[in-house]
């Protein structure tokens, strides 16, 4: 595990410095893909921050080389900060000559959570550009989004407090240990598409062991295992249908006559109807072809029979004339009979070839008959419907409620999924401890008042019931979509906003769907599901289409005696007693494993996230009312009376491409931190246009050297103000006309100091003084 000082990583860091990443096209392409960026072109977001790329193609090529090299450098050793000098050392001349551009790229990627995030050792200094009162941030929620936002904001020089209403870190990522010491994950337990997820970097930083899931899965239909050939057959059918839907979803919006979005269930039914219709047409054409070939075969056979009889009759008559000695008496008849025999035999050969062709065709048609139905309505249809049930498990709702245009499933299905031996909650807990975040548990936010000037006021209920008011310059809300839905209907169990949320945001919250995935977690005295070549993940197909997404997927971590299954959508909201749910689960297991399955588990736990007052559901999805702008409207920050954006929103429900995923939650927190920094301390790029901004006074005092695992040292408010050149309240603020001269002197001194140093050190930027 990681230490507070990061000394454990020294050997690996030295090796990374000596060897460096393998910078070739394949490595650069892999690095860009792992960061979810295109390898061969800049994104629109990058073009907005680097407008000089519009000028000529060469600038784009250089930018892509440096950007991808930066990503590769960070991914090679994410235990240590990736600096501009590290990147320059890994790029060949002359592309490493523009250190300012490299610095800007490193700054951009760091700011937006693509490099230098999580738990790593810093080698540069952190700059604080705001006075203490103006750099305070309160993050509501200590889930993946909250931890991500807090760690990023602290790296950017903000003072962060995280408020968590629960008694532990993780939010909807929750786990506990049973009496026998087994980890039971009651919340999010799977990391999806991990190969291009920031979670892979976090796993590497804390040295956690992960296990792939759903790579090869056993399938049981009515208690009998399905052979792998049939499994792949159904998978191919599903992938074809899924691919067709995804293709159509990206062509245009799909709405019905009333203007409502078409559901994925309706789209699948339409597709299956088309397949059934196509199958019937093929069956009709097959029958028609079979009948035509059979008639042709019969016709050729009759022709052969007739020609044979003709030749036989002529031959018999010719023999008779020969026996009677009349061959010379009637030469015309003799020649006529011989001609009939020759003609019949010649024609017979032609007809025989045609008959053989028709007969072979007829046999092939009978050997490979055309199916009358695309899918058997019994077990085959139920098995295929399990694939749709797997989609419901990923979304958390029945496909009847999910928009056809929803394309977030591809970011959950494709790629490698993994579970952790220690549990995902432990990953976030260790990361928070190593970063020494100020997380205050059992602090429930009751009201978010953004009506003030230059601050946001929170009303917080502490563990003992006392109400406390907390003030911050900025707030990052990671309240789940289920809680926000309760807020807009004035449910007393949900926090309130003062003033009320804007109508556009309220409508967006109302339109985004909130799924529900509950778990039935069973602990046994032994692992029976891996016996006889079994696997840690398996499927039991339900014959009932209504329950196709519930209690069908079973998952466990290798070596663990805990087995869990999932209950999805409306089935998850049924208020069945725990013992009934456990009994239903055991019935499914006993059908699949027979006598190998124990009669009952030694312990069990049922989750009910839809009733959890701090969640009210499992995650967001695109409902039939969700518009393309809904997610942007939800994450639109709220402005205080001074016109400044101060309340920002994060959470998986603000990440449209990765809803209902831990990865989406983490990415949304990094995005919110970047938005706050960009809005209030500026982009912070080096001016490479030729007219550089002047650097401020007392630059060295502004730079604070810290380890990322350590707490940023506190500074006196007056001292912090004095550190900022020409600040309004600074005691020795310089006049504007004196600034260029002072800046010039500082630059000369800085250049002299650099010349004396054996190793070049990059200086973090100070905002330009206007």
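Cβ from N, Cα, C; glycine included.
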Of the residue ranges 1-21, 22-42, which one carries the region 'Disordered' annotation in Swiss-Prot?
1-21
Per Swiss-Prot, the range holding region 'Disordered', considering 696-717, 718-739:
718-739
Using a 10 Å cut-off, grab the number of neighbouring Cβ atoms around the Cβ of residue 137 (FAD binding site), all chains included.
25
Please name the residue among the binding-site residues 149, 153, 165 whose C-beta has the most neighbouring C-beta atoms within 10 angstroms.
149
Which entry in the list of binding-site residues, 141, 157, has its Cβ near the fewest other Cβ atoms, using 10 Å as the limit?
157
Overall pLDDT for the domain 'SWIRM' (28-126), taken as the rounded mean:
94
What residue among the binding-site residues 145, 161 has the most other CB atoms lying within 10 A of its CB?
145
Using DSSP and collapsing to three states, where does residue 141 (FAD binding site) fall: helix, strand or coil?
coil
DSSP state at residue 149 (FAD binding site), helix/strand/coil:
helix
